[in-house]
Amino acid sequence: MDKFIDNMDVRIKSESGSMQVFKQVTGPVPTRDPSARADRRNMTSPSFLAASPMENPALFNDIKIEPPEELLESDFNMPQVEPVDLSFHKPKAPLQPASMLQAPIRPPKPPTAPQAIMVPTSADTVTSAAIPTVLTPGSILASSQGTGGQPILHVIHTIPSVSLPNKMSGLKTIPLVVQSLPMVYTSLPTDGSPAAITVPLIGGDGKSAGSVKVDPASMCPLEFPSDSDESAIESGSSALQSLQGFHHEPATMVHMQGEESLDLKRRRIHQCDFAGCSKVYTKSSHLKAHRRIHTGEKPYKCTWDGCSWKFARSDELTRHFRKHTGIKPFRCTDCNRSFSRSDHLSLHRRRHDTM
């Protein structure tokens, strides 16, 4: 028992000796001061760090990097728009409220007062169409001299298509000259098809200067001038004259083209079918004779003794046969000369006209 106690004393002494050697090698162990923990927030000041730069390296492990409280307090009531940078080395950009980041709201433009045009659709219903009073790109300005030399400005509007129920759906755009308020008078028959539309024209003196009647089916404007049309033309209204020419000339051209197209359908129905030839004839016999030019066929042969002439047309053979017989049926009434061909007589008469 005594030996065991002696061994324990030796072991304790050896361990205490080794502990003292370890303390001499490593140095004193630093202890934390409770007052230093309370002043942790003030450890970020440069004076504290400069006083003890690296004496206690263990203290730097307990430093918690945080942004200054004044920065956090200034942003407490503001909504977070972007991620917050908590580093000390980067300057913090000032945050803008969410209301300042929104697009500016433009006030709406005040609506323009439209003009109303009353269009009577039947005996008891009236439909109004709105036309803006401001000048649109489709508006045309024209000036004229009124009574007393006072200039009058005419505005040529284009009435847009008015979406009306049932019978008024066939109306289209109509150019007209307006001075105060244009009126479009429309009469509808009982069968439901829209009739002609009469549009009045207002002159420089404020009186009616004619009217334009438009057929909705063909949309071909026709002009019917009134009694005061001559005075309106004499007053030198350039706007009215240009508008009347615009409505009158296309109507005449369309009317003539319509008659010509009907005439072509009735008469010029025989057309040559050879490539590159566009000849059209009113009779099939003329087309048949024309086709012989392409084929080279000459069925008409001269029967005079010793003559071998052939012709593609019978009138050419008759004209040639007069050379053999000497017959000259075409006689001049001024000089009693005779010719075998009618075209020769026409050339001869021109000489009398020039003398």
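Glycine is treated like the rest: Cβ placed from N, Cα and C.
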Annotated range (Swiss-Prot: zinc finger) out of 75-99, 125-149, 300-324: 300-324
Per Swiss-Prot, the range holding zinc finger, considering 45-69, 220-244, 270-294: 270-294
Beyond the flanks of the zinc finger (300-324) by 6 or more, those residues with Cβ under 8 Å of it: 289, 292-293, 340-341
